[in-house]
Amino acid sequence: MSIGLSIIAGLGVALFGFVLQTSVAGLNRKVVARLQKRYGPKWYQEFIDIFKLLSKRATSHGWIFDFGVIMALGGIIATAMFMPITNNLLAFEGFDNFFIFVYLIAVGMLGMAMSASGSGNPLASIGVMRALTTMLAYEVPFMVIVLTIINLTGESSVSAIAQAQQLGGDFNWFIIALPIGGVVAVLSLMGMLGKKPFETYIAPAEIASGPMVEYGGKQLGMLFIMHEITVFIEVSLFVHLFLGGAENIIIFLVKYVAVYTFVNLISYVNGRFKIDQVVVFFYKWPLLLAVIQAVMAIYLGLVI
Amino acid sequence: MTKEEVDRKWWEIGDFFRRNSLWMLMYCTGCCAIELPPAMTSAYDMERLGMGPMATPRQADVLLVTGYLSLKTLRRLIYTYEQMSEPKYVVGFGSCTINGGIYHDSHAVINQLDQYIPVDTYVAGCMPNTEAVMNGFIDLMELIKTKKADGWKRYHENYEWYKKNQLDSLGSIEVKDEFHE
């Protein structure tokens, strides 16, 4: 594929991720509503919210504030362009290395951090500080477990890891082959998505939405789009690394919806940790379990 | 189509999104606020209408003023209203926002909210029941559809008048802003 076609295909992947995740998030609002004995909004409510935000007037707090939002959205779209959807549906052949995602996703996060700090609101700075602290906490156990997988398969390409799992049949998925690591991965995924016990950096009741406190109108709409694509990247990474990837798009959709709904359901029966509890939790149990799993898998060869 | 017609069409499309996704900022000053939890939870389920609570004025579309306003809270209410991004709407709850209600002769309470910020819909009652609250939101949606919920425009057009009323009741205050000195 020529480079121009690859870029168009990559933008298509990002758009697909946005539409998919926004629909799934809307469906999940209905699922959660049923959990709380309510009826819930329409499934396309999230689209209405985003388009409404884009139709509103917005206040600016200086050019860093505006530029950071664009940088965040651009960084996340650039990350999503490299994401494989199925084994063959991949915009940039050979460029879906795991470390590309780890590095590029930080561009989006840092853009948002810069923009939020530029708003001058102290609650935004507190939120950014908490978001980066949470990131520091969940990245370490997640990295240990992914490096174990890379060691076992000898590949660091996301689609190659997915195919390595498919070769061994359905029960060679790493969430089953490395059961302790699977638990760690789910916990880290909850931290990444900002789900309930680890959503300290949003904390609407205490720090008024944290980093998003000064956003309204168009900038908030762009951050919503950014958030949906970020969730798409993180959940897809989980599907490819731990659930055996997808041979075709139907399997991908089923696995994606199942993972996101499962995490969301856990989220809505939980309370919220304080920020020091988040860090202590991640450095205590998931990191311990991840190291035990790594030693078991690499040195003792105990892989189911 | 002329430019005005195109603009009007776009505004109508925008109105569809705006009335189906009203994010509320709840300025809970008095007893009417107790009607909001049953409206949000499983009894009436406000989220069916696309409504949800928001934590900060920048993100919100509707300002709910639920109850009496003393002079001290009114000042904060005006700050809050002016921070919201446009188009923005105000819903006044109960008789306190209409004519002062049972606190009408208190020295510390304002009687008519409409003198200080523009109100789009009132929900009558002391307190209104939850059906009336839900009805008020449906009314607000209808007003947005028929382009009558234009309080934010009236605030721009009659700003001198609103400002004079605010100053008459509240007086001006000196803000010491060390950051910009």
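Placement of Cβ uses the backbone N, Cα and C atoms for every residue, glycine included.
Where the annotation comes from TrEMBL, it is an automatic prediction and has not been curated.
From a predicted model like this one, the values you see are computed outputs, not experimental measurements.
Database features, via TrEMBL:
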TRANSMEM  A:6-28  transmembrane segment
TRANSMEM  A:63-86  transmembrane segment
TRANSMEM  A:98-116  transmembrane segment
TRANSMEM  A:128-151  transmembrane segment
TRANSMEM  A:171-193  transmembrane segment
TRANSMEM  A:220-243  transmembrane segment
TRANSMEM  A:249-269  transmembrane segment
TRANSMEM  A:281-302  transmembrane segment
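Spatially, the transmembrane segment (A:220-243) is adjacent to the transmembrane segment (A:63-86); three or more Cβ-Cβ distances between them are under 8 Å for residues at least 6 apart in sequence. The transmembrane segment (A:281-302) makes no contact with the transmembrane segment (A:63-86), as judged by fewer than three Cβ pairs under 8 Å among residues 6 or more apart in sequence. If you count C-beta pairs under 8 angstroms between the transmembrane segment (A:128-151) and each of A:98-116, A:171-193, A:249-269, the highest count goes to A:171-193. Within the same chain, residues 64-76, 78-79, 82-83, 124-125, 127-128, 131-132, 135, 143, 146, 150, 156-158, 161, 211-214, 219, 223, 226, 230, 233, 237, 241 sit at least 6 positions outside the transmembrane segment (A:98-116) and bring their C-beta atoms closer than 8 Å to a C-beta of that stretch.
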